[in-house]
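I have placed the structure first, in the form of structure tokens, so that the comments after it can refer back to it.
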């Protein structure tokens, strides 16, 4: 062990005593807050007028100061995933829409798409790039949510997990000064990512008990489930599924891969079987249309090739007669769904004027229509919605979307 590693080991071991952990966590919080001070520009849910009041008050308090570029970031009032940037230029207030182009990727007004809201703001601090001014001083609020950030300061919880110190992790999680369990470290991972990657099941359980987010993405866009599958941590994979089985279909926002893609690509047959047993779609598609089956063949993972060749989906819980309405058109479908004790997820399938199936879904007091497309795949007809998985029958498609929202916003519910 190097001298540096030995020193670090001693520092961690020294926090086991009650007094030690109190002092260590307090110092750790102060260190992280100091490192993150420049990121405390987030003000959460706030109206445009409230943002202007804060900016105007800043100008009033500093009448002789150039306030150009003084800014804050707030939640968009029109969307749950987008944000608004409010700033001062020439003593006037400006507001720009921050759009999420895909999960954890953001842009402003046609500008560059940047990974992480923190890195987007950093970009506009460094240069104006289409804005009237570069961003300068922050109107201090709080830190943005971890899931929208690319990086964060490494804290004591990250270090304890990385070194597999279960007892110390337990003490930290139960302490009033515990860091945010979902905080990202300086390499863009959360504590749960690291624990899952190393197969530290007891630590994984502790983190999940303390509400660690299974769906948060690391710097590469991967979930903790992905990290477990890539590293063939079968018991960890089971543990994560038991906590939330919908996580098996969580996709990487860059390549579109699911954990089953990861298991197939690396030839981890047991992990692949576990995922299939949990309902993972065998024909999930990446952004290049490649499925786990194709990845197993491409990388010559013959154990997985054999598994996929012999795999049979479980029998669907519903049949076509339960939800297919050949007599209905678009308006008829909307009338039926609105008049049938409307609730989120209530659905039916009907033909369009060309005879192709359409999913009509009641969601948030409205009815939405999704075209169900068909094509030939591996000498069989398959059904799919948008960029979702391919299914060998309408019944299997309904079964899948009854478990996974996957772009629909709500799981399907039979009447």
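Note: Cβ is positioned from N, Cα and C throughout, glycine not excepted.
Remember, TrEMBL labels are computer predictions, not curated facts.
According to TrEMBL:
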- 41-147: domain 'SH2' (DOMAIN)
- 187-219: repeat 'ANK' (REPEAT)
- 255-287: repeat 'ANK' (REPEAT)
- 323-415: domain 'SH2' (DOMAIN)
Please work out the helix, strand and coil residue numbers for the domain 'SH2' (41-147) from the DSSP assignment.
26 helix, 32 strand, 49 coil
Same-chain residues at least 6 beyond the ends of the repeat 'ANK' (255-287) with a Cβ under 8 Å from one of its Cβ atoms are 221-223, 225-226, 228-230, 232-234, 237-238, 241, 245, 247-249, 293, 295-296, 299, 301-304, 307-308, 311, 313, 377, 382, 384, 387-391, 400, 403-404
DSSP helix/strand/coil residue counts for the repeat 'ANK' (187-219):
17 helix, 0 strand, 16 coil
Please compute the mean pLDDT of the model over the repeat 'ANK' (255-287).
98
